[in-house]
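Participant: If you scroll down you'll find the structure; I have some questions about it.
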Amino acid sequence: MKKEKDIFDRIMELPVLRIFNPFYKKNKEILLYLFFGGLTFLVSIISYAFFNIQIGWNALVANIGSWILAVAFAYITNRIWVFDSNASTAADFIKEITSFIGGRVATLVIEELILFIFITNLGMNSMLVKIVAQVIVIVLNYVISKLIVFKK
């Protein structure tokens, strides 16, 4: 059975983008992960700035708040568009979401350690450290999602 084209497949068929279609088809998963990873990065950074700068939460607490929002966004987008989840039963779904959240908790611990060391202990700029930590976390999250959560 042929898979139905998603919105990104349709966008790539626009005349102006057709030249990139072979590259897109070959690298679709990583391109969509970069796109949605970028959006997740924005959700995380903007919510972190709001919690930390606007509300005045401690950097570590603000990071947990931004993590909750980013993980919810990432799970939905990764499940639907990036990794094309095959979870069809309740048991499959529970296994998938549990492993997704477990992987994200692991990278949250890494990120919290980075923030604790560089912001709390060394007094570095909160936003700069958060951005660098996010780059590290995005790479780790892709590997975990690809090899464990959404493996085919």
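Using the three backbone atoms N, Cα and C, a Cβ is placed for every residue, glycine included.
Grabbed the feature section from TrEMBL, which reads as follows:
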- 33-150: domain 'GtrA/DPMS transmembrane' (DOMAIN)
- 30-51: transmembrane segment (TRANSMEM)
- 57-76: transmembrane segment (TRANSMEM)
- 97-119: transmembrane segment (TRANSMEM)
- 131-150: transmembrane segment (TRANSMEM)
Participant: Which sequence positions outside the transmembrane segment (131-150), separated from its termini by at least 6 residues, show Cβ-Cβ distances below 8 Å to it?
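Facilitator: For the transmembrane segment (131-150), the list is 29-30, 33, 37, 40-41, 44-45, 74, 78-79, 82-85, 96, 99-100, 103-104, 106-107, 110-111, 114-115.
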Participant: State the residues, same chain only, that lie 6 or more residues beyond the ends of the transmembrane segment (30-51) and have a CB under 8 A from a CB inside it; answer 'none' if no residue qualifies.
Facilitator: 8, 24, 57, 61-63, 65-67, 69-70, 73-74, 77-78, 81-82, 127, 130-131, 134, 138, 141-142, 145
